[in-house]
Amino acid sequence: MAKNVIVVGTQWGDEGKGKIVDWLTDHAKGVVRFQGGHNAGHTLVVGEQVYKLNLVPSGIVRDGVECYIGNGVVLDIHHLLSEIAELEKGGIDVRSRLKISPGCPLILPYHSAIDKARECAKSEDKKIGTTGKGIGPTYEDKVSRRGLRVYDLFNPERFAEKLKEVLEYHNFVLTQYFKAPAVDFQTVYDQAMADAEQIKPLVTDVSAALYAANKAGSNLLFEGAQGTLLDIDHGTYPFVTSSNCVAGQASAGAGIGPGMLHYVLGITKAYCTRVGGGPFPSELDIETEGAPGYQMSQVGREFGTVTGRKRRCGWFDAAALRRSGRINGLTGLCITKLDVLDGLKELNICTGYKLDGKIIDLLPIGADEVVRCEPIYETMPGWTDTTFGVKRWEDLPVNAQSYLNRLEVLCEVPIAIVSTGPERDETILKQHPFK
């Protein structure tokens, strides 16, 4: 009988999901993206080769694994084709194994133009830190029922008709409100039609394909992007992404019933990071040499895969993780980047907050309350021996084991996996999600 696993980020993204998805794919016949777009950045290290993926599911680097892009993903086809070309240069067979839902909303040039113009117009304290890829405006078009989808590409006359209508609206906003240049209809149309010819062989009823694979007994892995605290409904709104990043979205964003989902693995760093604006209760100074935040930033190489921006760093926030655990219904946790904490004399864990004179043990909903939270810390001793590359639990320093055990208790979720480095075999397994 098939067993299907969802991998989700439990923080503000960048938790190391790509490596874990790649590692778990050894037990899966298919890997599915179900939300987000090319604002996601997954880095995989396989031997000497480093792969940086935005849209193509991480399972593509495993021979014989089918990869699916579900209807919940917003798709920049031009970017996808570039990504495919890069993978093919490295000798990876992509086109025979990649399947794209015809229901994916299309990201077109006017979406990124709106995205960038809108962010530029905001004051510094209101900036979300968008990647400028057009993700948000594409989701807006989807819910306002004016967006174009992959299936529209294959009816050129109807595509042109819809494009003229939506472009008239967006160009009015660009030129009249943002005082930005208009986007040319013919340029957008010609590029879309050229891309359509290349993408057509990959378009498949993904929902039906996943149902058939599950019925045939194939294990499936659902690969989340971003993180729970960036979720449009459950994150630190409005400093969030434009999609649902939680486990429940795997069902809607891939077109499968929730009864087909069996295990939810939450990925979290051994500390916290965040890119862009928004509240971050346990944030540390990352600029002062020798400070814990500086070590996290430098040793952890905390720079965004997509934007290259410095990530903000802070202590592990168990109160935030507790919220993520409940929203996602986590079955198990995977802790990544434990080695980044090697050498710190003491480690703090945020166990709750002081908010308006009260003590709470769960991250509040919405940015307005989160920004007023003062972290409450529990201090634990650090360790001097390295954890990098350790492959057995018993070989971890005693204090590292104690730290992880405490996280497990505070988060109310058992630890299934500990990642101790970027390579596939730099992994400690306590409970296999597929077994």
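Just so it is clear, glycine is given a Cβ too, placed from its N, Cα and C backbone atoms.
The GTP binding site feature in Swiss-Prot is assigned to 13-19, 41-43, Arg311, 337-339, 419-421. Here Swiss-Prot flags Asp14 as active site, proton acceptor. Among the features that Swiss-Prot reports, IMP binding site is placed at Asp14, Glu15, Gly16, Lys17, Asn39, Ala40, Gly41, His42, Thr131, Arg145, Gln226, Thr241, Arg309. Residues annotated as Mg(2+) binding site in Swiss-Prot, with sequence analysis given as evidence: Asp14, Gly41. Residues or ranges marked as active site, proton donor in Swiss-Prot (evidence: sequence analysis): His42. What Swiss-Prot records for Thr305, Val306, Thr307, Gly308, Arg309, Lys310, Arg311 is substrate binding site.
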Candidates Asn39, His42, Gln226, Gly308, Lys310 (recorded positions) - the one closest to Lys19 (GTP binding site) by CA: His42
Nearest of the binding-site residues (Gly16, Thr43, Gln226) to Gly308 (substrate binding site) - Cα to Cα: Thr43
Nearest of the recorded positions (Asp14, Asn39, Gln226, Lys310, Arg311) to Leu338 (GTP binding site) - Cα to Cα: Asp14
Distance from the residue listed as 'active site, proton acceptor' back to Lys310 (substrate binding site), taken between C-alpha atoms, in Å: 12
Among Thr43, Gln226 [binding-site residues], residue with fewest other Cβ within 10 Å: Thr43
Nearest-integer angstrom distance between the alpha carbons (Cα) of Asn39 (IMP binding site) and Thr420 (GTP binding site): 26
Rounded to the nearest Å - Cα separation of Arg311 (substrate binding site) and the residue listed as 'active site, proton acceptor': 9
Assigned element (helix, strand, coil) containing Thr43 (GTP binding site), judged by DSSP: strand
Separation of alpha carbons, Thr131 (IMP binding site) and His42 (active site, proton donor) (Å): 15
Among Asn39, Thr420, which are binding-site residues, the residue with the most C-beta atoms within 10 angstroms of its C-beta: Asn39
